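These notes are about the structure you will find just below.
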Amino acid sequence: MLDRKFILQNAQLVAENSAKRGVSVDVDAICRLEAERMDALKQAEELNRQANEVSKQIKSAKDNDERQELIAKGRSLREQKDAAGAAQDRLEAEILELQTILPNMTHPDVPEGGEHDANEIGRGKTPVPEMDFQPLDHLQLGEKHDLFDFEGGARVAGSGFYFLRNAAVRLDLALQQFAISHLAGKGFTPVSTPDLALTSVLQGTGFNPRGPETQIYSIENTELNLVATAEIPLGGMLSGQILASEELPLRYCGLSHCFRTEAGAAGRASKGLYRVHQFTKVEMFAFTLPDQSTAMHEEMRELECEIFDALEVPYRVIDTATGDLGGPAYRKYDLEAWMPGRGESGDWGEVTSTSNCTDYQARRLNVRSKSNTQKGTDFVHTLNGTAIATGRAMIAILENHQRADGTINVPEILRPWVGCDVLKCE
């Protein structure tokens, strides 16, 4: 969340930023409630001072009548102090509720608008393939090669769940192995994360586990939720900690299952593996000093490009517009892969995103840094980025590497794990 002092000193700027990002929140109400809270705090402190003074007077009371009168006065003052304290707590809760709705501030170079206003800022090394045959989509290819079982998945867990079969299992594992190996070679520590996280951790990382638009599966009568991304447990892993500035940045790559309700998602472009309720992902996450986060964001974007260049998948790099930024993101880049079977005649589909969240998550999670020469502490910056979401990466590989006879070339980088060069129809 944003620093409250910053909000109060820059109320108009914060309100304008929220409007650009499509978030409706009454910033003036935050300022008004904070003024009331400060008044209640001052009142409580003054009443406490008076009550302490009365306590001293009781000890030197001349007689019992005076003592009883002072005791009654002290009791009244403490009751008033408690009421002022309760008012302060109530106002604090109201402010915090509004404060957590506010999105992060926005990088000045981020384009303003919605999905169609995003800027394309680059392309991958692999060109969009020119196919002299009618390409199949990944579901048709999956049927030919016996790769997916959506009907069986629906019988087990409902629509949006599936079984991977045969070569799809090897391909899924190969993508995980490749991404983790690549990132480990770049200084990232591999981590296998819990699939559950406390509600406080979700809220700290900017995810809303409640409400009609939530993407989170919550476990009834508990404070636990299935994680939508490894960003959640990786961010919470160091919550409440003070990190040594000299050891930053800390780089992690987290392997997790991801669970999402995908409420409201439907349509031809979302079919098959593109939008499901459970998938596997390797996620990059970093804790940095404030002056390191911009460089780390560019590093994560470059790593995503390296991974998809190695997979020989055509993609474009998108600088996401204000209306599509998640609440914690100061700036976000997406990689969109070309998918020949998407839509009516092929289209781009998001396969990765990487966000610089500055101190927005760290402030709520209370992750700070301190150097050997520093008296106080500072909030760190946090960043996250998709290395591989295996389902969508599989779509891009199958559809771009298919051949006219229905066989599928396996990207060279994955062959040691997949165990073959070409997937052939059985």
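Just so you know, glycine gets a Cβ as well, placed from its N, Cα and C.
According to Swiss-Prot:
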BINDING   THR229, ALA230, GLU231, GLU283, THR386  L-serine binding site
BINDING   ARG260, THR261, GLU262, VAL276, GLU350, VAL351, THR352, SER353  ATP binding site
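The L-serine site is defined by THR229, ALA230, GLU231, GLU283, THR386, and by the 8 Å test on Cβ atoms against their centroid, the other residues of the chain that qualify are ILE232, LEU234, GLY254, SER256, CYS258, LYS281, VAL282, MET284, PHE285, ASN384, GLY385. When the Cα atoms are compared, ALA230 (L-serine binding site) and GLU350 (ATP binding site) turn out to be 18 Å apart. Within 10 Å of THR386 (L-serine binding site), counting C-alpha to C-alpha distances, fall the following of the binding-site residues ARG260, VAL351, SER353: VAL351, SER353.
Of all the binding-site residues listed here (ALA230, VAL276, VAL351), the one with the fewest other CB atoms within 10 A of its own CB is VAL276. Cα separation, VAL276 (ATP binding site) to GLU231 (L-serine binding site), rounded: 18 Å. The Cβ of GLU262 has fewer other Cβ atoms within 10 Å than any other of the binding-site residues GLU231, GLU262, GLU283, GLU350. Listed binding-site residues near ARG260 (ATP binding site): THR229 (candidates THR229, GLU231, GLU283; Cα-Cα distance within 10 Å). Cα to Cα, GLU350 (ATP binding site) and GLU283 (L-serine binding site) are separated by 15 Å. Look at ALA230 (L-serine binding site): DSSP puts it in coil. There are 24 other Cβ atoms within 10 Å of the Cβ belonging to THR229 (L-serine binding site).
For SER353 (ATP binding site), applying a Cβ distance below 8 Å and a minimum sequence separation of six or more within one chain yields THR320, LYS332, TYR333, ASP334, LEU335, GLY385, THR386.
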